[in-house]
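K.L.:
Provided herewith is a single structure, encoded as structure tokens, for subsequent inquiry.
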Amino acid sequence: MDEWLKFLFICSLCLGAWTSVNLWVNHAGPKKVRQFTGVFVLVLLVPPLVGYLQLISAEIPAFFSFVRSTLTWWYGPLMYFIAREMLLLPNTPRGIANHVCAVCGLFVVTQLLSSAIPFGYFVIVTAVVAAYCTLAGYTLVKNASRLRRLNSSYRKSTFYWLQYLLAGLLLLCAMDIGVLVALHSHVHLDFLVLNSIACVFAIYVNGIVLFTLIKPALFELDDAQTIEDVQTNTGEQYKIIEVAADESTAAKNNVRYLELSDQVATTLINTLAIIMETDKPHLEPDENLTSMAGRLGITTHMFSELLNVHLNTNFYDWMNSYRFKAALLLLQDQTVNYSVTDIAFQAGFNNRNSFYRVFKANLGITPAQYRKQYKAELQKQA
């Protein structure tokens, strides 16, 4: 039995180490997603390492025992950071540092007070885990529309699979808190079994990472298949275009009076450009005519007039023009090899087919063809 456990621990360690190296060397997928996932994979190397040392040595080195005992503190912050990355919310270095310092401070306080306050360690670590689970849950609820779009239209993107990592972190938190409860209840625990469970879980996480971040092509449709879907799809997406075009035509033909002078319209257009540059509302899935009018402090009718009359476009095409520009920047980024699905999601498109349709309408080629041509041009210039 011990030999089988050794084999399991060694396999988990090797797979985890290989996955971690690939995450840092391979440029596929968003950079911060790779970084946070890499940290997660490194954290999951600890249980199989401790389990293996427990089998071959009578005494586990104090350093590894200490690291294993502190992992619970970091599951919560890692869960929160991954949730934000999944929903395209920024994780700034300052914000990350603030959370790390806060957790480190609480850990030090806990170590100082654990002997003076009964159950102090258990209470504080449980409170930290619960607080971060609540914070991550609140982030998901607050951005429910983006989460729905991810689950309905981007099930093959890197960001979709981060949900499985979040679920895994939640299970790890529950398991560690359960272990603490058992210890305080004087229940005998076989830590070799617990490390074995954590080892199996680590293999599960590494498998998800390898097949999503490192090998996204396995989950990608090719250009031909996507173009076929765009050409044969007669559903709601086309109705949206037709409605938008009809609204634009009707607005031009049936506006009873114009509320905006040319001077006011010019001022609003300049203000709108600043808003689009700073706030980037085109990346928000719930952004609509009413909310954009609110950003400008004008009525919906006035904003429609601004688009239809003064900018000669409709809301749908206008928003997609900004999304198209955002997608171009991601395609031109030579430091990261984003999948087309990830680019469509990050640029704010409702789905991949909508992205292809807008891209073909603007350039007459597919995103993959554009990236290939752009790379060839850079090589010629070099």
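Positions of Cβ are set from backbone N, Cα and C atoms, glycine also.
It should be emphasised that the depicted structure is a prediction, and the values quoted were computed from it without experimental measurement.
Feature annotation from TrEMBL assigns transmembrane segment to 6-25, 37-56, 62-83, 95-113, 119-141, 161-185, 191-214. Annotation comment: TrEMBL describes 270-373 as domain 'HTH araC/xylS-type'.
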K.L.:
Roughly where does the domain 'HTH araC/xylS-type' (270-373) sit in mean pLDDT, to the nearest integer?
P.N.:
91
K.L.:
Quick test of the contact rule: Cβ under 8 Å, at least six residues beyond the ends. What residues does that give for the transmembrane segment (6-25)?
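P.N.:
For the transmembrane segment (6-25), the sequence-distant neighbours (Cβ-Cβ under 8 Å, at least 6 residues beyond its ends) are 34-35, 37-38, 41-42, 44-45, 48-49, 51-52, 55-56, 195-196, 199-200, 202-203, 206, 209-210, 213-214.
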K.L.:
Just to be sure I understand, if DSSP states are collapsed into helix, strand and coil, how many residues of the domain 'HTH araC/xylS-type' (270-373) fall in each?
P.N.:
76 helix, 1 strand, 27 coil
